[in-house]
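Asker: The following block contains the structure, expressed as structure tokens.
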Amino acid sequence: MEKWWFNSMLSNEELEHRCGLSKSMDSLGCPIGNTSGSEDPIINDTDKNIHSWNDSGSYSCSNVDHFLGVRDIWSFISDETFLVRDSNGNSYSVYFDIENHIFEIDNDSSFLSELESSFSSYLNNGSKSDNRYYDCDMYDTKYSWNNHINSCIDSYLRSEISIDSYISSGSDNCSDSYIYSYICSGESISGSDSGSSNIRTDGNGSDIRGRSNDFDINQKYRHLWVQCENCYGLNYKKFFKSKMNICEQCGYHLKMSSSDRIELSIDPGTWDPMDEDMVSIDPIEFHSEEEPYRDRIDSYQRKTGLTEAVQTGIGQLNGIPIAIGVMDFEFMGGSMGSVVGEKITRLIEYATNRSLPVIMVCASGGARMQEGSLSLMQMAKISSALYDYQSNKKLFYVSILTSPTTGGVTASFGMLGDIIIAEPNAYIAFAGKRVIEQTLNKTVPDGSQAAEYSFHKGLFDPIVPRNLLKGVLSELFQLHGFFPLTQN
């Protein structure tokens, strides 16, 4: 006999994610922690407590923290015991064996006793109930047993929590009328859906995150929510921009568009873009089997509203005139082609002639392969312009490395700043993890290319969060002799 602890929640097939229940579920409560294979339940082990529902009479979406749809809860192996606890603290051991038609409950309860009596009646009489929700095919013994279990629980919960019939999916199959959602704390699950759901639990069971099937739901509601790629928490999209694309749950810095970064750094009304009409002409006539290079450029222009993977211009930062270039990873991975290199070079030359400080915000996968050696020469061209700017004119260049900064950008102007600033958690490398592992046939340790690791190796200067970045830049400029045009 194998025992499992379940964090069981009821959800409808139509509302299987984040639904609220309209009535207090006094008879049905929340289970508790993982038994770790022990035969004796540890009811009061707070370290293994997952979640509890409040005793209030109504429930909103916030009361149901985790839903993970499972199409067939009876696909678990037979001869199982699962343990539940109601809102009054009473615990029950429920055992059912589908093959031998056994259903037992170890404690007297109105909810579970009614279920047990229903099953006993079914076993003794071999006939289905008159309830309209029990209308299942009874010709196959195993099929009818499975569906009778489902329909009994379905019917009881309908009456207990006052769920109207219109919520039902309308299917004639009882097993489709409701979906019982389980988050299992066991080491393995036998079932058809268990393989498609990647569930991770921490040591105390308080942080359970489903990754696989949740992505489809998140895509459906991506106009409302932004999912953190670190903790998988959801952030309300309407307020996400005002939070500087920082996850409210874990503080992780998510990617920002170039326009959002300009709005974050530049004083309102002072932004003056440069070379906006400069576009690539496909210099080597690169054509792939999937999509021609020109067509790909056009599609990214429509998608992002940008002409290229970098925006350059002049503006003011806390009243200090600056020249700034911001790369956008959403445009072909921020790859550096001839247009990107030319725009950055012109920006540096303009700043050299006007004696302006330069900021470059890097977010790139490296040189653009569709332009061949012309993209590689941009590294030398930008570095040459920076040499004149820094060494001859003695001006101040700040490089800001965001996630990801790799390839040719890392090998050129990304690492040439007088001050090199990195964002928290930024992925910074010359060759990416996948490229290194495929080339050298060696495993790259996790975190070895993160900003925090590189910082301790002396690769750059400070790690600055976004909410402090503008103030830090302002102090750096004033320290190097660049002051606001108007004193407050």
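Quick reminder: no glycine exception, Cβ is built from N, Cα and C everywhere.
What you see is a predicted model, and the numbers here were worked out from it, not measured in a lab.
Reproduced below are the annotations present in Swiss-Prot:
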type    : residues               : note
REGION  : 189-211                : region 'Disordered'
DOMAIN  : 224-488                : domain 'CoA carboxyltransferase N-terminal'
BINDING : C228, C231, C247, C250 : Zn(2+) binding site
ZN_FING : 228-250                : zinc finger
Asker: Mind giving me a neighbour count for C250 (Zn(2+) binding site)? Other Cβ atoms within 10 Å of its Cβ, every protein chain shown.
Answerer: 12
Asker: Validating a neighbour-count step here. Other CB atoms within 10 A of the CB of C247 (Zn(2+) binding site): how many?
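Answerer: A count of 21.
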Asker: Enumerate the residues of the same chain, C228, C231, C247, C250 excluded, that satisfy the criterion Cβ within 8 A of the mean position of the Cβ atoms of the recorded Zn(2+) site; list them in sequence order.
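Answerer: Filtered neighbour residues, in order: E229, N230, Y232, G233, N235, E248, Q249, G251, Y252.
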Asker: Give me the DSSP three-state residue breakdown of the zinc finger (228-250), ordered helix, strand, coil.
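Answerer: Looking at the zinc finger (228-250) with DSSP, the answer is 4 helix, 4 strand, 15 coil.
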Asker: Return the count of C-beta atoms lying within 10 angstroms of the C-beta of C231 (Zn(2+) binding site), excluding that atom itself.
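Answerer: A count of 15.
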Asker: Below 8 Å Cβ to Cβ and six or more residues apart, same chain only. Which residues does that give for C228 (Zn(2+) binding site)?
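Answerer: For C228 (Zn(2+) binding site), the qualifying residues are L234, N235, C247, Q249, C250, Y252, L254.
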